[in-house]
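**Q** Summarising the annotation, TrEMBL assigns domain 'DhaK' to 8-335. What TrEMBL records for Gly55, Ser56, Gly57, His58, Lys108, Asp113 is substrate binding site. The active site, tele-hemiaminal-histidine intermediate annotation in TrEMBL covers His220. The region 'Disordered' annotation in TrEMBL covers 336-368. Marked as compositional bias 'Basic and acidic residues' by TrEMBL: 345-362. Sequence annotations record features per position, and here TrEMBL assigns domain 'DhaL' to 371-582.
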Amino acid sequence: VSKKLVTTVSGCADDALAGLVACNPGLRLLQGHRVVLRDDLPAIRGRVALLSGGGSGHEPAHAGYVGKGMLTGVVAGAVFASPSVGSVLAAIRAVAQAGAAGILLIVKNYTGDRLNFGMALERAQAEGANVRMVVVGDDCAFATPGKAGRRGICGTVLIHKVAGALAEAGASLDEIVEKVTAAAKAMGTLGLSLSPCSIPGSKPSFQLAEDEMEMGLGIHGEAGVRRMKVLPADKAVETMLEHMTDPSNSSHLSLTPGSSVVLVVNNLGGLSCLELGIVAGAAVRCLESREIRIARALVGSFMTALEMAGVSLTLMRVDEELVGLIDAETTAMAWPNIPTGPATTRREEVPAPMEGPRKPQDEPGIGPGTVRVQRVLERVCSTLLDIQDKLNELDRGAGDGDCGHTHARAAQAIREWMRSRPPPAAPAQLLSALADVLLEQMGGSSGVKGNGNGRGRAPKLYALFLTATARSLQGRSDSPAWADAMDAGIEAMQRYGGAAPGDRTMLDSLCAAAQALHALRSPGADPLRVLAAAVQSAEVAAEATRHMEAGAGRASYIRSSRLEQPDPGAVAVAAVLGAVLE
């Protein structure tokens, strides 16, 4: 049995409706029935009332579409079960007694829904109510639909919107029936799934292999028309649209170049929003390549199948009047606040901002200062490459063993940069340039791996440290400036990185070195002797991390008893400082 976050299996449909109503002051439950109605029923006096519904498990359909400008009320069944005749009839009576000028039932084409809504309609008409019914069948899956006809799926939501806008504008029942019937005939939907769904308390309704997807399945897990290997999103969308518009498919939607459509990219319940956005972009590109104008695009969860990981595409051919009805205001909570404009992949990008003004750089050329800088940087790079395996081994206890690789890539990036141009000799410009190298050559703000986690942060932390030290050194060349710059770099790392001394990170080595460098502020201090002391302090601090409990970084998720080695970041910092001194 699949896991579900419900209170009771038997009460889940009632509980879901109760939660919706509790959170929406514009809705009310009808006493004794699984029926949701608008809070302002007196406002429908003299207007056509719209009722819809069906089984639960398709949320936000249908109760999410109750509101001014859409549905007057909905009748819900149990999960994937048609609502009862008695509840449909109670809803009809409620809106009739509120003074509705006519009542339209909008029903998805499923046998149980047709029977139960139809029986309630007959009984209501016998009581004198002016009731009509429109059955929506928008499924494009089957090339030769059986006697039952095309299934009603996500396109039904667009019919809710068109009918609701017409009713709000005061249209008659006959006019609404005529216009929504025409709109429903100009509409098609097709689903695609990567996984099954399961009714609470039950096992999944079907099985798909890990490498399979199914096209054309229904919103209750009914069989589709084709199983195939999982395709990339753009190929999957292309396959869906080809099937939907194939003239040899008697359920197809006819689309010719120049047609205008409303596109709905609907999450069947368990697809991630990231995947949904990818599918939406692919759908827009594919339609544009066919010279179809997408007057409006709706992307989200509109009619789901519980937790099914899948998507459906709905297309409705539209003219200006239909677009206006889609754009009309509604208070229904599940209708998206869509912009009134077409969807296109051809929007002009905002120009990238210009970089801020930089201080004048050293003139290109190799002078004594540049040669010294190159020697120091080459020693640093060689050191990092030499200890690559050691750092990886130290990192395996608390990470994925890539700390050495990360530092080696940094060394290679610095070497490539030095080959492309002589490094500046001025300290502030040099450190700022190195920060740029680490950010740009190591994969931007997310590090080379792009995951924003673990040792992938090391280049960003180094770049942050170098940026802050460079800023502190601007316009200064005295020895105390280096102590101040070190403190500034560490302060920036602590502010944005979240670690502190004692957390078993590279900061432990840096802070120990910085403390030793404070001696540079004393008059007559020997810079080389102070630097040697700073290196020694960093090495001692790196070794001391062996006995610390990690308080930050990925190692903080590991029990301290398993961390029997010094922190690789602290070891790397000590090695870099040692290479500078050599």
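Any Cβ shown, glycine's included, is placed from N, Cα and C.
Note that TrEMBL annotation is computational and uncurated.
How buried are the listed features, and what sits near them?
**A** Of all Cβ atoms in the protein chains displayed, 25 besides its own lie within 10 Å of the Cβ of Ser56 (substrate binding site).
Across the domain 'DhaL' (371-582), mean pLDDT in this model comes to 85.
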**Q** If one looks at the chain holding Gly57 (substrate binding site), which residues at least 6 apart in sequence have a CB under 8 angstroms from its CB?
**A** Ala13, Val79, Phe80, Cys197, Ile199, His220, Thr304, Ala305, Leu306
**Q** Determine which residues of this chain, when Gly55, Ser56, Gly57, His58, Lys108, Asp113 are set aside, have a Cβ within 8 Å of the centroid of the substrate site's Cβ atoms, and list them as they appear in the sequence.
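**A** So the additional residues around the site are Gly53, Gly54, Ala61, His62, Ala76, Gly77, Phe80, Ala81, Ser82, Ile219, His220.
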**Q** In whole Å, could you give the widest CA to CA gap in the substrate site formed by Gly55, Ser56, Gly57, His58, Lys108, Asp113?
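**A** 15 Å is the greatest Cα spacing among the residues binding substrate.
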**Q** Which residue, of the recorded positions Lys108, His220, has its CB surrounded by the fewest other CB atoms within 10 A?
**A** His220
